[in-house]
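Asks: When I checked TrEMBL for this same protein, it listed these features:
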DOMAIN    A:71-281  domain 'ABC transmembrane type-1'
TRANSMEM  A:12-35  transmembrane segment
TRANSMEM  A:71-96  transmembrane segment
TRANSMEM  A:108-129  transmembrane segment
TRANSMEM  A:164-182  transmembrane segment
TRANSMEM  A:202-222  transmembrane segment
TRANSMEM  A:269-287  transmembrane segment
Amino acid sequence: MRAQTLNRATPYMFMAPAAIIMAIALLYPLGYMIYGSFRDWNPSQSIGESEFVGLKNYITLFFDPAFRESLSVTLTFAFVVVAAEMVLGVGLALLLDRNIRGMSVLRTLFILPMMIAPVVVGLMWRYMYHPTVGTFNTMLKSWGFDGIDWLGQNALLSVIIADVWQWTPFIFILALAALQSLPRSALEAARIDGATAWQQIIHIKLPLMMPVLIVTGLLRLIDAFKVLEVILVMTEGGPGLSTEIVALRISRTATEFRELGVAAAMSNYLLMLLLLLTVAMFAITRLQEARAQRAARQIQED
Amino acid sequence: MPQIRLQNLVKRYGHLEVLHGIDLQMAENEFTVLVGPSGCGKSTTLRMIAGLETVSDGEIFFGDQPVSQLEPKDRGLAMVFQDYALYPHMDVAHNISFALRLQKRPKEEIKAKVKEVAEIVGLTDYLQRKPGALSGGQRQRVAMARALAKDSEIFLFDEPLSNLDAKLRGQMRAELAIMRQRVQKNMIYVTHDQIEAMTLADRIVVMSDGYIQQQGSPEELFKHPANKFVAGFLGSPPMNFLDSELIDLDGTLYAVGEGFRIAIPAEKAHALDQSDKAVTLGIRPSDLSYAPDAPPGLGLDLEVIVSEYVGAQSVLLCVCGQASVTVELKSETPIALGETLRFAVRPEGIHLFDRKTGTAL
């Protein structure tokens, strides 16, 4: 009897350390933030001294043009980078899914950007974008073109390029893994059935990779909504509000404007957005599982 | 449509040569079976014909046309794979019609064709299912249907039945034999199962270690194996081999070994080169019959070690001197393990092989 109880408790005991850390490092701050978002709270007060204001912070934000601008920058940034990264990453994977000499070296090179710390990436690109001594403008000028005002006029585009450079490898690796786990014989059958290389991609490879690609894309999207360091280092959100993504605005609201309650409410808006994406991701995986189960049931019913 | 001809076909992977110059000619509409143990090069040969493997040397001809440089899709063939190779994301109807849709055939024609082949293989009720919702046997049928729908002149089968359980395999083998009557096409079939080879083939090609050991009709190969490998590979239970010497006693040639002496029939003895004395005597279990009173020169005395009851017949594993010998016996014959029984050898069933080279004498 005792042994049985112990047996049943074992998994919980193993999970306990992780659960405790989760509670301290995640749930507690989260609860604190949600609580704080309903209060008019500045950093000189303790949270107990702050005044309860209900949904005021949320409502103010909803009608705040600066926040809306920030949200729209974030959405633009996230969707553009993810779209570009998906196209490039999957395209690269399709190109490099073959056995050529030196391919393993090439693959390693391709995933290097992902391994660099975001702050370093930001610094690197800031120097490369520098209007007078930066790599790009020096190069353009040596070819006789005018320099481009990278981080000024074209700031959003510039940060998008940097992010695409850094995160395309993520999509590339996962797409390549998906490609290499495709059933080889189905592709051979397609070749015999008369499919050209392009038709194989459209009719066989992409549809079979789709489950992995959808989840990869959603993961990237979630990540892109939270981007901070690279943009902070490159533009600090400027010029104007042109690259001020929500994460940056949150940190500025908390530190510069000293409105902790508003910053918390902003975080909650972002959190809700991310939650929506995460739920979508789980729904998709569940849907796939359900489909597989239905198929298994059909076999048994025969 | 064309005869298929392989001319000095060689396959190398780096420095490793796995196929050493295969020459093979298949007649029109012939059902050719490539058979051999795993690693013998049979699948490689088939995949080279399909265009899935490059040809290192030599040439493949469909009729007069060399095809080794053509893409698989330009060779006009259909193939059934061992793991069926269905497209998992398409339902059965779309799997079957994939090639036709790529060819942009009219919708009505595609629909009619799918219906037709689905009826042939008995899949009409499953056209809307995805492969994931089909059993192994049904997937196998989809693979067949997909190949049939293409109307190719050449059908390739790469061990199509080996992923099925024994009962289903027997059933599908029979269905294949029936389909083979209806569809007069060039068919090349790879298997490691000699029963499939014997039952389906017009021509069997026995391969081993990247060489063709022998080719011909099933009967020809069964009755006149060219060497010990072919003799041992075809037939179930397999042929018994006994080391022996050829010795001339009073004008009759005998194969003499430990514990036995078998007279070689006069016409066979006549054709033998007698200087070659060390031979392997080969006798199929079906050429040995229980005969307690067989004369000494025509029988083998076998000590029964194991009896395997398989129904009407029992398979007895016996020893004769050092050699083990398999025989078949009606199950009702009363025998005891450890008993020594005499079996008569059918004179036409005596095969002799050179002990060094394994070639038939």
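Backbone N, Cα and C atoms are what each Cβ position is placed from, and that goes for glycine too.
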Asks: Give the nonlocal contacts of the transmembrane segment (A:108-129) in its own chain as ranges (CB under 8 Å, at least six residues past its ends).
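Replies: Sequence-distant neighbours of the transmembrane segment (A:108-129): 92, 96, 135-136, 150-151, 158, 161-162, 165-170, 172-173, 229-234.
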Asks: Most CB pairs under 8 Å with the transmembrane segment (A:71-96): which of A:12-35, A:164-182, A:202-222, A:269-287?
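Replies: The stretch with the most close Cβ contacts to the transmembrane segment (A:71-96) is A:164-182.
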Asks: In the same chain, who gets a Cβ under 8 Å from the transmembrane segment (A:269-287) while lying at least 6 residues past its ends?
Replies: 58, 61, 71, 211, 214-215, 218-219, 221-222, 225-226, 246-247, 250
